[in-house]
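Right, one structure below, let's go through it.
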Amino acid sequence: MHSPSRKDFVSLTFTGSGNYNSKQWRRQSCWRKWKQLSRLQRNLILFTVALMLVCGIATYPAVTEHFRGLTVVVKEDEGHVLKPVIPEVLPEPPSAKPKRAPHKRGPHGPQNRLQKKGTGSDIQVEENPIQDAKKADKEEGEKPLVNRRGALIEADQATEGGTAKEAENKVDVPAVEQKDHSHEPEFDRLEAVRDAFRHAWKGYKEFAWGQDELRPISKSYGEWFGLGLTLIDALDTMWILNLREEFEEAKTWVSTELSFNKNVDVNLFESTIRILGGLLSTYHLTGDTLFLDKAKDIGTRLMPAFNTPSKIPYSDVNIGKGTAHPPRWTSDSTVAEVTSIQLEFRELSRLTQDTRYRAAVDEVMQKVHKLEGKQDGLVPMFINTNSGQFTHLGVFTLGARADSYYEYLLKQWIQGGQKETELLDDYLQALEGVKKNLLKKSSPNSLTFVGELSHGQFSPKMDHLVCFLPGTLALGAHHGLPADHMELAKQLMETCYQMYAQMETGLSPEIVHFNMHEGSIRDVDVKLADRHNLLRPETVESLFYLYRFTKDRKYRDWGWEILQNFNKYTKVSTGGYTSINNVRDPEYPSPRDKMESFFLGETLKYFYLLFSDDPELLSLDKYVFNTEAHPLPIWPSAE
């Protein structure tokens, strides 16, 4: 059988009205032309169209800004409906069974999506905690970890209590009702601080008891050193707030469970200011030798850090093996770390009559005093543990990695009865260096701020950590230093408050950049990566000092605003408070699922002292606070 012969023409038959310009005919014609194009031509056209769409969306911020605050809600008889997210208090997530996993010092999953549902107090949670946690781990696993002062910490020093189990898409939980204390007397403000502490302690006790940190969203915990950091950091806070029941249960844990005989690396600086400082302070407040014995134990175990060629201590100590080492990626320590452990070790020597603790830390200060590489009293951020010399010269800041060096110059001078003039001279010289090199005014409101200097180039960048400075300046003026220190303290206090007030949530970001150009609309700009808030204490700390010395009620009112905003945007209904990722988004501030130990150890303590009318409650003529807000006594003049 032969196949039919091929025809050299195509026969087309049109039906209907015979309109050759009909839509159907045009579609067929366009499709035929498209098929006639080569594969390369078709790919080029598709790529061009896709590129135009991407560029169009990227260059039209109103679209992305509009959808940033929306989430998807699926209803049975409707399609996908976009509604704005308006959380009031972070809701309860699905429960999680704690399990250990690698710890990351940064944003933590799960990042819950909050969806306001209906008109009542019910809040809907939409989350995929496993996926979000894996994403966060992947993003952070490639970079060193950062501690409170910006020092680098190795990842294997920390473990985490694990993420929550993958939950259902929707969980309805009631929001925590907020109370308005704005017109209430100081006693009620004090009670509001106690309420905040009880709420934070409730979450810690239920989900992270005896562990380092609470992860309130996933209702689990994070481990850093495995030494109960939050509990030890909060001991003196509970005593000061007169929370005796909570204190006694914490004391029982210290007595029966706390052991430093562990094969674990700890950071010298962090364990000194939080653990050693917390135990020494609690001993002085209570007179219970349990805490002094524990302080001597941890202090002795930290001493191998000073066994270096230069006597500048290593950053990490294994308190079980008695060995110390620098981070794997460098032989440097940060200047803030090695010069902000002196108050604690000096006091340990005074109490135990063992001079080796003080001798080790005093030698560090003497070496730093003589070093070259300073600029008008300002110090670089890094120092090498082998050579004992400054490294990364030419970069100067009062923020992370250098801040508490300046704080401890003044406070050691105060602690020792104002006898060590070398410390005072270094402090006064550094302040002149700040005025000469780092102090500038913003636009349009002429806010005084402290920037940074890098190889002669000024940067209008200011860390929230720098907000310790108003309080330190005021403390120096109180102890007889020039009166213009207090005036500068007031100016910087206003700036630190504006770092909160100019944000949509009323909470400060971690870092701001100030505008200095005429015609600027606002004083403060915040980069996307800097918008997180870690529940830090520095601004509240300075408000306490300024109110204690001036009695100006505006400082209390500013503090009250901040406390209310912590309650509004960081309080978790099932217990605890969480740091957040975005202070510029009040609709969804993006919880990080982490409550730092210093929120209980410092932030709430300073709130309480700010609102207290008792000037003898930790009188600043009798006590000096370490950089973790643990009060230590000023030595009698005879010593």
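Easy rule for this one: first residue shown is 1, then count along the chain.
Placement of Cβ uses the backbone N, Cα and C atoms for every residue, glycine included.
Looking at the candidates Cys55, Cys467, TrEMBL gives Cys467 as the cysteine bonded to Cys496 by a disulfide. Looking at Glu270, Asp403, Glu510, Glu538, the active-site residues in this record, the fewest other C-beta atoms within 10 angstroms of the C-beta turn up around Glu510. If you take the C-beta of Cys496 (disulfide bond) and look for same-chain residues 6 or more apart in sequence within under 8 angstroms, you find His464, Cys467, Pro470, Ser508, Glu538, Thr539, Ser542. Here the C-alpha separation of Thr627 (Ca(2+) binding site) and Asp403 (active site) works out to 10 Å. Counting only the Cα atoms, the space from Asp403 (active site) to Glu510 (active site, proton donor) is about 14 angstrom.
If you measure from the Cα atom of Glu510 (active site, proton donor) to that of Glu270 (active site, proton donor), you get 19 Å.
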